[in-house]
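Everything on this sheet refers to the single structure shown next.
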Amino acid sequence: MALQVELIPTGEIIRVVHPHRPCKLALGSDGVRVTMESALTARDRVGVQDFVLLENFTSEAAFIENLRRRFRENLIYTYIGPVLVSVNPYRDLQIYSRQHMERYRGVSFYEVPPHLFAVADTVYRALRTERRDQAVMISGESGAGKTEATKRLLQFYAETCPAPERGGAVRDRLLQSNPVLEAFGNAKTLRNDNSSRFGKYMDVQFDFKGAPVGGHILSYLLEKSRVVHQNHGERNFHVFYQLLEGGEEETLRRLGLERNPQSYLYLVKGQCAKVSSINDKSDWKVMRKALSVIDFTEDEVEDLLSIVASVLHLGNIHFAADEDSNAQVTTENQLKYLTRLLGVEGTTLREALTHRKIIAKGEELLSPLNLEQAAYARDALAKAVYSRTFTWLVRKINRSLASKDAESPSWRSTTVLGLLDIYGFEVFQHNSFEQFCINYCNEKLQQLFIELTLKSEQEEYEAEGIAWEPVQYFNNKIICDLVEEKFKGIISILDEECLRPGEATDLTFLEKLEDTVKPHPHFLTHKLADQKTRKSLDRGEFRLLHYAGEVTYSVTGFLDKNNDLLFRNLKETMCSSMNPIMAQCFDKSELSDKKRPETVATQFKMSLLQLVEILRSKEPAYIRCIKPNDAKQPGRFDEVLIRHQVKYLGLMENLRVRRAGFAYRRKYEAFLQRYKSLCPETWPMWAGRPQDGVAVLVRHLGYKPEEYKMGRTKIFIRFPKTLFATEDSLEVRRQSLATKIQAAWRGFHWRQKFLRVKRSAICIQSWWRGTLGRRKAAKRKWAAQTIRRLIRGFILRHSPRCPENAFFLDHVRASFLLNLRRQLPRNVLDTSWPTPPPALREASELLRELCMKNMVWKYCRSISPEWKQQLQQKAVASEIFKGKKDNYPQSVPRLFISTRLGTEEISPRVLQSLGSEPIQYAVPVVKYDRKGYKPRPRQLLLTPSAVVIVEDAKVKQRIDYANLTGISVSSLSDSLFVLHVQREDNKQKGDVVLQSDHVIETLTKTALSADRVNNININQGSITFAGGPGRDGIIDFTSGSELLITKAKNGHLAVVAPRLNSR
């Protein structure tokens, strides 16, 4: 085993337990994890983990460069004190697994590298230990990763918190509320494919055990104008596309929808229905499953989808002008679907879309609408239906998340953790009413942030007994007052202009702003600006100098969006809806309420003030999300875009406030445990109080009085360079410590190994000696008994088997069988066999027979098909000629060849005449005439059905096997043979006399092909053959010194052949 000490960017010591499974332990000098300080040694490459430790903390360039270094190394999280800055990597970094959750669970904030889970765990532990409500505020630009951060936080709490006693239903509903809210509240924008188009604040309630038992969601400023209009390259809310793509055929048929989004006016304006990064079909399945988890009944789902479909049908309602220029509905089919889906009367809806009800002096009058007004009424209804449905949806989810134990006494012991996912500061080329509200929201949150940050800093200084140094910072209360002040604020002026009688327009609102607000250091219009500034301001614009910079707003649409008017008769129509959800969204009490509803800006202001109070009552934690580029590409760092976000998120102001006093503070125990190795007096162990040990340590390190302060429980270090110098000294010291640790470890390890080996050797020796002694004694005893039994058996070996000789006889038999196993015959020709004892003679013969059969069987199994055919032919030749023909022994060692003539040696005309008949064997022969016995060269061909005699390119004779009656050959060494044919066959001229140099091979193959093995006659003396019709010929055979074939004087063919073998 080896101990490997290595300094890596996270400051971890790696102990290698297994070569393929390193065990990582983040250790200080005596085992305390202080990862943040450890990472300082790699700061030149990966930057600092806390911006507070930047030397040039006032430099925006240094701030961004530190972000760049960390982003380049896939380190997307960095702290500004307790604030977490997150850069969206646009890819999965595999840092959110269960293993990562366990790594951050129950660990101090600075003991592990910056991570979302570190913030989540710190907040959760504070909630449990201090019993104080907590809040995590997540802000950033669209596409910066706010929604993803919220989901990861919920995932962390769902995985790591203890399960409630009544199961994990609340936990599942908290998680499953996200897909539903994303479907109805998120959309694809130019900056983000899953952009939240509303602000969300979620409370998660925990019981005294730390288990989630309930929740509540607040939504802010849904962008309902997106329902009726989208910019180029953007989409409507996800749910519309999910329904069309993933909805079942039966559902779409019931809703009167078709799958093509291009068929719906509200879905085509952005010209971006399909997005490669979005799988609407899969998201639909997730959303539908989530609805069932959060207690939606099938009827409620059906009613909800009917409303979604009704918005699409409403967008397809078209109008045409009659002769009085009044609008009339021309799309009857869409109107029919609308009345059914919304549960209203068709005539009532038609009238509400084309007329406006006016109440004057107690009388109700219907005023017809022109085309423009009708389109406005239609779009206003669509926005109202969708936005109110969204509000109902949030209420429904809240009912599902509400704790069932709210009435029990233990409910008082619950604590709340709030998650705020809110839009970041927005500055576009064209900024309107929505950006005004969003930026006002950010101003209020920035005001709260500065207030709570300064308060937290001041409380920590006071608790530690450190003198508080006033911090100079920009107080944006002046901007908040400019927007929200009663009577003189922008919202009040906007409301007044919306409510006053007469012809109010966006420009009259701007004129009133100029008259009321001027002069103001943070407000500017074309009229109030100087000559130079007027060039950048149109007459219909005003500019606010926010904490994050200047933003120019166009007043176009301010009054309309703030009023958010819905004609009375449209409200009446929707109040009569038979759709249960619509009936809840449009309460009939609205009709009897004569009070004018609050404007959108006022509603938002009141909601925001309520939110600020909620957040002020909690202990805050902050996550600032940054988008690295607009192209959503991984690894791309757009410095201009990031500088813009750093400015609008107020990160430099945040850092400046944090650095106004001391840059670094740490508990005495942690500081001493990390750096005590730098001082001989504190190393290796300090026996006194940690505070006294730190005092000794800093004196040894030479800290100047202005560089640090000693608090009650912490040391405060003013400058990062002081900490860097200390960390660099520790790095040098650590190298020597690592060497000493390795040396001590090796010595200890090898000594322990030696002692183990020594103890093992002594134990093994002792055991082995005993074992050998016992084995020796047992062997001697066994040997004596065996010898005694063998002698007794030998004496009685000829007696019948009895207990006295059974052992001996078994020994003899076993010995024979073992000897036989070693001396088995090696092949079929080996006839050796050991002599068996008398008792095994019969068994020996049986074994010998079995052995021979086995060898023969193995030999037969091993031969190839070609060799098998060769042996079969040789066996037939042996059966025919062995002991009968004198030259047979000379043919035995010669292999039979498949053919003696190649195809190229046979005339093509002969092959053509044979047709498809294959040639099985071909050999050159000599034919002797039947009369004069003149020899003539010929070719003998064997086919499957006949023997063919060929002369050059001509078939001279064909003898079918059926007409071949026999074959004659002499017993001498000559090579003549006669093929006998039927005399009755008129086609044949007579028997054929042939001579072949390979007579044994030729006759064997002919006999096999013609199936005439038993028809070969071996004659002695002479052979008689049919020479023609009514005439026979005779061949006489005699022995001589050499082969001679001639015609004798008696007219016979005389053959003299030498005798090769003695009989």
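Each Cβ is built from the backbone N, Cα and C atoms, and glycine gets one as well.
Going by Swiss-Prot, these are the annotated features:
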- N88, Y96, 139-148, 192-196: ATP binding site (BINDING)
- 47-731: domain 'Myosin motor' (DOMAIN)
- 734-757: domain 'IQ 1' (DOMAIN)
- 758-786: domain 'IQ 2' (DOMAIN)
- 885-1059: domain 'TH1' (DOMAIN)
- K383: N6-methyllysine (MOD_RES)
- S408: phosphoserine (MOD_RES)
- K486: N6-acetyllysine (MOD_RES)
- S536: phosphoserine (MOD_RES)
- S864: phosphoserine (MOD_RES)
- S1041: phosphoserine (MOD_RES)
- 608-630: region 'Actin-binding' (REGION)
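Annotation for the modified residues S536, S864: lowest Cβ count within 10 Å of the residue's own Cβ, S864.
Ranking the binding-site residues N88, G140, K146, N192 by Cα distance from S864 (phosphoserine) puts N88 first.
By the criterion of other Cβ atoms within 10 Å of the residue's own Cβ, the least surrounded of the binding-site residues G140, G143 is G143.
On a Cα basis, S536 (phosphoserine) lies 29 Å away from N192 (ATP binding site). Geometry remark: the residue listed as 'N6-acetyllysine' versus G140 (ATP binding site), CA distance 29 Å. Within the group of recorded positions (N88, S1041), the Cβ with the highest number of other Cβ atoms inside 10 Å belongs to N88. Counting in whole angstrom, N88 (ATP binding site) lies 112 from S1041 (phosphoserine) by their C-alpha atoms. Around the Cβ of K146 (ATP binding site), the same chain contributes I138, S139, G140, S196, D421, I422, G424, C625, each under 8 angstroms and 6 or more positions distant in sequence.
Within the same chain, the residues at least 6 positions away from K383 (N6-methyllysine) whose Cβ sits under 8 Å from its Cβ are K224, S225, V227, V228, D564, listed in sequence order.
When secondary structure is read from DSSP and collapsed to three states, G143 (ATP binding site) falls in the coil class. For the pair S536 (phosphoserine) and G143 (ATP binding site), the C-alpha distance works out to 29 angstrom. Within 10 Å of the Cβ of N192 (ATP binding site) there are 21 other Cβ atoms, across all protein chains. S1041 (phosphoserine) sits 115 Å from G143 (ATP binding site), taking the CA atoms of both as reference points.
Taking H, G and I as helix, E and B as strand and the rest as coil, DSSP gives the domain 'IQ 1' (734-757) the counts 24 helix, 0 strand, 0 coil. Long-range neighbours of S195 (ATP binding site) (same chain, six or more residues apart, CB within less than 8 Å of its CB): S142, G143, N186, A187, K188, T189. According to DSSP, the secondary structure content of the domain 'IQ 2' (758-786) in residues is 29 helix, 0 strand, 0 coil. When secondary structure is read from DSSP and collapsed to three states, S195 (ATP binding site) falls in the strand class.
Counting residue by residue with DSSP, the region 'Actin-binding' (608-630) contains 9 helix, 8 strand, 6 coil.
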